[in-house]
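Listed features, source TrEMBL:
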- 41-196: domain 'Sodium/calcium exchanger membrane region' (DOMAIN)
- 230-372: domain 'Sodium/calcium exchanger membrane region' (DOMAIN)
- 12-32: transmembrane segment (TRANSMEM)
- 38-54: transmembrane segment (TRANSMEM)
- 75-93: transmembrane segment (TRANSMEM)
- 105-128: transmembrane segment (TRANSMEM)
- 140-162: transmembrane segment (TRANSMEM)
- 174-194: transmembrane segment (TRANSMEM)
- 231-249: transmembrane segment (TRANSMEM)
- 261-278: transmembrane segment (TRANSMEM)
- 298-321: transmembrane segment (TRANSMEM)
- 327-348: transmembrane segment (TRANSMEM)
- 355-376: transmembrane segment (TRANSMEM)
Amino acid sequence: MSESFAYKSVKIVIFSNKLNFLMSFGPLAILVDKLTGHNSWVFFLSLLGIIPFAERLGYATEQLAFYTGPTVGGLLNATFGNATELIISIFALKNQMIRVVQLSLLGSILSNMLLVLGCAFFCGGLVFNKKEQTFNKAAAGVNSGLLLMAVMGLLFPVLLNYTHSEAHFGKSELALSRFSSCIMLLAYAAYLFFQLKSQRNNYSSVYEEETRSEEISDEDEAPEITKWESVIWLSILTACISVLSEYLVDAIEVASESLKIPVSFISVILLPIVGNAAEHASAVMFAMKDKLDISLGVAIGSSTQISMFGVPFCVVIGWIMGQPMDLNFKLFETATLFITVIVVAFLLQEGTSNYFKGLMLILCYLIVAASFFVHVDPPLPEGKLESLKA
């Protein structure tokens, strides 16, 4: 009986999605690395190989959410949806590739806010073109405030460095980054308590809509695998992503040189698109079902989690590993994030969406992508490099 259950589970998770044929690129990337060491091919094969694993991770999380309820399920979706980026970041930190960590996390925030949300608004607006879709303004406002707080956390280390006003050259900015990271983690923990416990009534329309949609579609939507199968698949898929991430990170710099593509473009644009595959699909799907509150929870919720948890978490992990990971994302990158948060906050303030707003966000993302394609990362001054290593 257990064998039939295992077979059924594998059939549903692995063979039910046409995208899963890309999984074969993962082992192929490892094989190419072992036999030829051709980093450009290893990079592209592992990049393609991670896509279906990231999507299936999102699927397994959704299955687990059936057993945990909508509130915890939403949090699980955001957490495991960002697992790919965090795994890539930890391996990059291990390899002392701090800029890749910073840029990939920044890219994940930008991708969720502009591309994922833009596609959700655009597709939802096309399906429901006779009316304006609405969403909960209170939840969107709190997330916008947290994103602005994250920008503030990144802005001060940049200004400290840019104005040359550090009390201790090369060290004050790192100390400020670590202090700010602890504060941001505390703020994110308070936000979770606020959202799930203290001010749950402010989000009642979101939960009511989710409950209603679950009641209406109970017959159509039911868990396809059991709770423990979901947990086991989450573990297996996370392990697979971890293995491929190591090969991906090792190949980034050589692939950048051989393909003549800036590392900043690979880190900010290519890696997050792969990592956000699950969020992208689910946000668009919910928008096309007129469940914009859930789409916003996926897109903006993921941006908030990366900026207020992912970024400071990597600073703290770097601190533990002895790596000088800081919040100085450089002026160009921080300005890009600041402008993006302002644009998105402005478009969310009315609590309505349509396909034109979605198109604007997508076009903004194309401008950002083009900017990073022509952007060259400035080298770190020698004096600062020595002081950070000290």
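Glycine residues also receive a Cβ, built from the backbone N, Cα and C atoms like all the rest.
TrEMBL does not curate its annotations; it predicts them automatically.
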The DSSP breakdown of the domain 'Sodium/calcium exchanger membrane region' (230-372) into helix, strand and coil residues is 121 helix, 2 strand, 20 coil
Most Cβ pairs under 8 Å to the transmembrane segment (140-162), of 174-194, 327-348, 355-376, goes to 327-348
With the greatest number of Cβ pairs under 8 Å to the transmembrane segment (261-278), the stretch among 12-32, 327-348, 355-376 is 355-376
Under 8 Å Cβ-Cβ from the transmembrane segment (12-32), and at least six residues away from its ends along the same chain, one finds 38, 41-42, 45-46, 48-53, 55-56, 59-60, 224-225, 233, 240, 243-244, 247
Other same-chain positions with a Cβ less than 8 Å from the transmembrane segment (355-376) and lying at least 6 residues past its termini are 110-111, 113-115, 117-126, 129, 261-262, 264-265, 268-269, 332, 336, 340, 343-344, 347
Counting only residues at least 6 beyond its ends, the same-chain positions whose CB falls under 8 A of a CB in the transmembrane segment (327-348) are 102-103, 106, 109-110, 113-114, 117, 137, 140-141, 144, 147-148, 151, 153-158, 160-162, 173, 176-177, 180-181, 268, 296, 300, 311-312, 315, 357, 360-361, 364, 368, 371, 375, 377-378
